[in-house]
């Protein structure tokens, strides 16, 4: 398993035990794709596609589902993309940062790759809204099969489960998380056993493993078969999680879990549902629950709901983690991040993200009303993210001379053709619900781009009005102000310019501390900064130091802890009780005559005003912080 050092520690943290890592991976990584049998085959034969559940059509759809799992998950993700890691970390943001590192500094390509990464991240957040909604709703819809009169209660029960899930987030998942693996493993075993039971009733369904049935389906239905791919892709939703969670569990554990547990059980269940439909075509209304014996229906509903909650939890936790990475890389404003575990670094809770997701999930459930309507919206976010991941992987592989060119272009053609077909099959359902995740993606993309552009304009304005630090200090020492005991740490984004906070301190307080540190915090495009690279201390003149602290994008920046290591690096001993942190708090004034359009200026001002204060984000004690204001027009 990938390990790291604590954000500010001087020593590394030992590796976590990997004794139960495969079981843990089953619980976290495969919850989303594991609940896909609840709705995939049901959606493929919904009235939206006009298919008749006859022998050839059922085998054709099953063949497409099986080979979608093989091509997209087994070959693309497990065999190829999971070989590309950013110091052990995966996911679209890690891949974006890794790809940008292969490009010349300041090149246009870095900007284009950044745009792709931001939009892929935006679509992932859209996925984080739809997955909890469709997973829990599909599980609870089993009540309609058991008791048809319960249909009116499906949406209220779904909302109750989801609201309770989000309300519990602030307590963390350290204790209950230990049950995720066993429960999800039980889920996979149960659906596999049910699949075997139904296959025994119609064993000819096993012929669907032959890809010729999928090809026959395409030949028979022509262009109409492209529409059906919009339902088939539901079988691979959650495939991106294999790559995104690679840093938590390691590629080997995820590969073993997929090949030996998840893939066989999913295949058995899909084939079992198909066998049921071959024997009883009327079961196509809800083949998953219809395939279960009456005595096991209620236990399966309970188990399915638990599996759906776990799948939702994985997406929620992933949204927190992705938000934290985006904050570190400067894509979104700083937000309050709470750590919910004293023993596990990565377990965090982001209240703003939590309540935003809950609001959107509630609106999604109420707006769509059932899983069939929601399925039309689900695929766009998933296929869009998958396609962007493929493009980024190809761009990265092009820069790697060890990758044979012929193999690279063959992979590019196959993967882009498959991803493109799935994306097209979903985008043509724009008016049927595909607009929803695209709208979410565009809104989030706009926020992220506005924040990036606004921060750049803000830094340019402050630098333009700034004074060169190396020229300023000699003049200051010609008529030095009164010195007071202790250390002053001035946080600054540009270490070559005099911090606004220092200028205001001299102007209003007319004092200087014995030791003055100009501190710049930098986030690297790698997950974790090595301890040897954490601190860079440069003495400028007597009593003045320029300090750079580096954190990886997966780390929580703990500035005081990092500074405590300075004695080991340069003999500077930071005493927290005698150190004062000075931060400049800018008041941004929008202007119609420069920078961005005025509406984006106002949006940036709103985000900047609501960003978490620096002391909370950098874990600086509030009683050691002095904030000094400055007005900046952009």
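Placed from the backbone N, Cα and C atoms, the Cβ positions cover glycine too.
According to Swiss-Prot, the protein has these features:
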type     : residues : note
TRANSMEM : 21-41    : transmembrane segment
TRANSMEM : 61-81    : transmembrane segment
TRANSMEM : 110-130  : transmembrane segment
TRANSMEM : 148-168  : transmembrane segment
TRANSMEM : 180-200  : transmembrane segment
TRANSMEM : 217-237  : transmembrane segment
TRANSMEM : 258-278  : transmembrane segment
TRANSMEM : 296-316  : transmembrane segment
TRANSMEM : 348-368  : transmembrane segment
TRANSMEM : 377-397  : transmembrane segment
TRANSMEM : 408-428  : transmembrane segment
TRANSMEM : 432-452  : transmembrane segment
Would the transmembrane segment (432-452) count as touching the transmembrane segment (180-200), i.e. at least 3 C-beta pairs under 8 angstroms with sequence separation of 6+? no
Beyond a gap of at least 6 residues from its ends, the CB atoms lying under 8 Å from the transmembrane segment (217-237) belong to 32-33, 36, 39-40, 43-44, 46, 49-51, 56-57, 60-61, 63-65, 68-69, 72-73, 127, 131, 266, 270, 375-376, 378-379, 382-383, 421-422, 424-426, 428-429
Contact call for the transmembrane segment (110-130) against the transmembrane segment (432-452), three or more Cβ pairs under 8 Å: yes
In contact by Cβ distance (the transmembrane segment (258-278), the transmembrane segment (348-368); 3 or more pairs under 8 Å): no
Relative to the transmembrane segment (296-316), the stretch among 148-168, 258-278, 377-397, 432-452 with the most Cβ pairs under 8 Å is 148-168
Does the chain bring the transmembrane segment (21-41) near the transmembrane segment (148-168), so that three or more CB pairs sit under 8 Å (pairs 6 or more apart in sequence)? no
Is it the case that the transmembrane segment (61-81) and the transmembrane segment (432-452) touch, counting contact as three or more CB pairs under 8 Å in which the residues of each pair are 6 or more positions apart? no
Near the transmembrane segment (148-168), which same-chain residues lie under 8 Å Cβ to Cβ, leaving out any that are not at least 6 residues past its ends? 132-133, 136-137, 140-141, 305, 309, 312-313, 316, 354-355, 357-358, 361-362, 365-366, 369-370
Spatial neighbours of the transmembrane segment (432-452) far in sequence, C-beta under 8 Å, 6+ residues away: 48, 115, 118-119, 121-123, 125-127, 129-130, 326, 330-333, 360, 364, 367-368, 373-374, 376-381, 384, 426, 596, 600, 603-604, 607
